[in-house]
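Student: According to TrEMBL, the compositional bias 'Polar residues' annotation covers 1-11. What TrEMBL lists as compositional bias 'Basic and acidic residues' is 13-22. What TrEMBL records for 1-35 is region 'Disordered'. Annotation comment: TrEMBL describes 41-62, 68-88, 95-114, 182-201, 221-239, 328-346, 377-395, 468-489, 523-544, 551-569, 581-601, 622-644 (among others) as transmembrane segment.
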Amino acid sequence: MTSSPPESQLDATPREGGDRLPRQGGRAGVPADRPGRTSPALVVVAGLLGLTGAVLTALVVGRPGAAGSGPLTVVWWLLGPGAALAVWWRRRVDLLFAVVAAGGSLAVLLLLAQTMLSAGAWDPRVGAGITGALAALSLLVRAGVAWSLRADTSAPLGLEVARRRPAARTAGRRGAAELRDVRRVLPVAALVVAVVLWLVLVPGQDPARMGPTGLLSTLSPLVWLAYVLLVAAAVGELVGARRPLVLGAVTLALVVGVFGVQSYALADGRNPVGWLHWGFASQIATDGHGLTNYDSRYSWPGFFAAAGVLRTIAAVGDPTEILRWTPLWFGAVGSAGAVAVTRAFFGPGPRAWIATWVFVAGNWVGQEYFSPQGATWAVAMAVLGVVCTCAAATGEPLSVRRRRPTGPDRISPLRAAAWTAEPGARSWAATVAVVLGAFALAPSHQLTPLFLALLLVPLALTRRVPRWAPVFVLAVVLLWWATGARSFWMNYWASMFGAVGDVSASLTENVGDRFSGSQARQLIIFTRLVSVAALGLVAVIGILRWRRTGGAWLTLTVWALLPFGMAALQPYGGEMLMRSLFFALPGLAIGAAAALPRCAAFGEAVPSRRGAHTAARGRSRLRVPAVALTAAGLGCLLLSTVVIKGQNDSYYGFTDSDLAATRAAYAQTSPGDFLATVAASSPARSQRIGVVRQRSLQGPCPLRTIDVACIEELSPDVVLATRSQAAFGTVTLGLPADWLSTLTAGLVATGDYRSVYDDGAGGQVLVATGS
């Protein structure tokens with residue numbers, strides 16, 4: 001009797017009208033001996049990027065930012081250097097090309113900036129000029145070679161993704177009768193309506209009108225309807241025609257709806273930490289070096305140096321638009337890497353799409369803002385996408401394992417649990433991704449390279465990647481700790497490792513201390529825990545089902561669960577649990593997709609009563625429970641994520657009043673002065689780092705007591721009060737609405753301070769009378 005195939009291979013089932021090729025010797029649908037043919041689109045893209053890069057490089061060397069070229073320079077540096085690598089690996093402009101172009105550009109920029117900074121040869125115009133010239137030359141040479149060959153049928157340089165389902169591509173040619181099929185029209189209609197509602201109703205949100213629930217309190221109910229329609233379009237297309245173009249459009253809309261909702265809703269750059277990071281970048285761009293014993297983040301200056309390079313070569317003055325749209329860019333790059341990862345596990349089938357949507361819809365962490373964490377997460381996801389794609393190129397998807405060898409070839413139970421069908425790919429693309437990623441990440445963030453090494457461990461154990469890959473990443477991390485971050489470990493060793501293993505302290509900082517403020521705010525915080533617990537439970541079910549049906553469950557277990565072990569080792573200021581979720585999402589999403597039962601609606605084989613498997617063809621009967629469960633779960637996850645991400649926008653979002661008051665405060669400072677904000681939630685500390693002493697009084701002076709005497713004792717020269725600071729105290733601490741104005745009035749009443757700026761909207765600047 002024929003044995004049942006593992007569920008991890010369900011996506012290999014052919015659909016009616018498809019042309020699924022056999023798996024032997026290559027990835028699903030791609031025979032090993034298939035010749036590579038360069039796409040004309042690649043010639044056009046490489047040529048345009050090369051010419052644009054050559055012109056912009058000349059401007060960078062001669063006149064940075066000339067003739068309004070600044071925004072175009074930023075865009076080119078976010079795509080061009082990586083594209084110069086991608087054109088020699090990919091032969092067409094596809095998903096993997098985009099992953100390498102975007103992630104590779106970030107890595108090259110991080111590495112270039114850190115190299116100049118460490119070598120003491122800080123000259124962004126020269127460094128960017130040389131690197132940009134090499135990238136432009138690479139693009140032009142590749143375009144010229146491809147154009148001269150025209151019909152390049154040589155062996156492919158790397159993995160080629162087959163153009164599958166010609167029947168789906170030619171569906172539009174079948175006439176108007178095909179469009180009458182409701183299952184083909186409704187998903188597109190729902191997507192269009194959702195996008196229109198979102199584009200019209202989301203912008204123009206005012207943080208000053210937001211309550212304890214943040215963005216939830218001001219968004220129109222029709223915006224939430226748009227998200228529901230987006231989920232309906234996704235699931236409807238998945239159980240219907242499954243056209244790659246429509247599914248891709250739905251995924252793109254989902255990425256924009258999750259990572260771009262605040263960027264589009266709020267006109268000014270949000271998040272006070274992002275403004276502080278811009279201040280670090282400006283200081284490095286001006287001085288050519290970081291500051292010692294100023295802030296621990298200067299021990300990992302790669303991201304700040306990279307931002308300083310962009311600031312110089314693009315002549316960026318006002319960072320508002322960069323801070324505003326960075327979350328969408330980092331989120332898009334990370335999501336593209338996630339698509340590559342899920343396809344490596346499931347193949348390009350329905351479960352890969354579901355896993356990608358869960359990855360995006362479950363990402364409420366909010367760490368993709370203008371920060372080292374956001375940039376390095378995007379690079380790490382790109383590295384993981386390239387590595388997993390290369391690993392799946394020579395055999396079955398990563399979800400498949402083989403039986404444990406016996407006799408002389410017997411191996412340990414641990415390795416048997418994750419044993420794969422074929423040895424891992426040793427392609428140069430995977431090697432370059434690991435090496436470039438390690439050197440770019442290690443000087444840029446403390447945690448990201450450690451998480452990347454952790455995610456590479458099961459792939460190395462299963463021979464999907466070279467065994468040296470995670471060891472190499474850790475070696476580069478240790479090298480940086482011993483050299484570039486040496487001063488940090490010498491000064492903060494006790495504080496960093498004193499809490500290692502203290503689970504109680506970690507839970508208190510990561511969970512208990514988060515519950516503050518109004519009941520509505522605490523309810524949203526509770527929603528965070530529920531969403532993580534629910535997603536984790538579903539992922540565990542998927543792991544168990546995968547193990548029972550013959551899938552490589554060890555890799556999934558490590559990816560989904562072990563990152564949370566980092567929270568037990570170090571509380572990380574109460575943010576380790578969120579950072580752990582950030583990197584556990586790929587495993588959780590894949591586990592959630594694996595937990596779904598077999599469903600003919602997804603084009604999968606379903607067992608008959610006699611044990612034989614029949615392929616789902618054409619209009620197979622829908623499995624209503626599976627489809628309803630998918631739609632309900634994805635919808636709840638998406639809506640909860642949008643609510644959670646917008647929770648802090650009443651004080652993380654800034655208004656024109658906040659920015660104007662900040663500019664007025666800086667205008668009152670001189671070198672060596674002490675500029676203080678009452679609370680940390682303001683766009684201050686974005687300028688004059690190292691020239692003016694700047695800090696928040698929130699730590700030494702408890703806000704709950706509104707202690708005027710404490711502020712007088714610290715004697716700041718300039719005190720900045722903004723609407724966002726007032727909202728922070730009201731929302732998170734339950735202070736009265738007028739607490740900040742009462743405090744500033746008390747300072748003025750002492751006679752030690754006088755008000756030099758008051759816009760009547762919450763923005764106020766006080767200056768010491770002796771200044």
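Any Cβ shown, glycine's included, is placed from N, Cα and C.
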Student: Which one of these stretches, 68-88, 95-114, 221-239, 468-489, has the most C-beta pairs shorter than 8 Å to the transmembrane segment (328-346)?
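Tutor: That would be 95-114.
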Student: Which sequence positions outside the transmembrane segment (68-88), separated from its termini by at least 6 residues, show Cβ-Cβ distances below 8 Å to it?
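Tutor: Contacts with the transmembrane segment (68-88): 42, 45-46, 49, 52-53, 56, 59-60, 96-97, 100-109, 128, 131-132, 134-136, 138-139, 142-143, 157, 310, 313-316, 321-322, 329, 432.
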Student: Can you work out which residues elsewhere in the same chain, 6+ from the ends of the transmembrane segment (182-201), have a Cβ less than 8 Å from its Cβ atoms?
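Tutor: Result: 171, 219-220, 222-223, 225-227, 229-230, 232-234, 236-237, 239-241, 246, 249-250, 253, 257.
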Student: Apart from its near flanks, which chain residues at least 6 from the ends of the transmembrane segment (581-601) lie with a Cβ under 8 angstroms of it?
Tutor: 7-8, 10, 238-239, 338, 341-342, 345-346, 351-352, 354-356, 358-359, 362-363, 365, 367, 373, 377, 380-381, 384, 399, 448, 451, 454-455, 532, 535-536, 538-543, 545-546, 551, 556-561, 563-564, 607, 616, 620-623, 625-627, 629-630, 633
Student: Using Cβ atoms and a strict cutoff of less than 8 Å, what residues sit near the transmembrane segment (622-644) while being 6 or more residues removed from its termini?
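Tutor: Sequence-remote neighbours of the transmembrane segment (622-644) are 213, 215-216, 224, 227-228, 230-232, 234-235, 238-239, 254, 257-258, 261, 354, 357-358, 361-364, 524, 527-528, 530-531, 535, 538, 592, 596-597, 599-602, 606.
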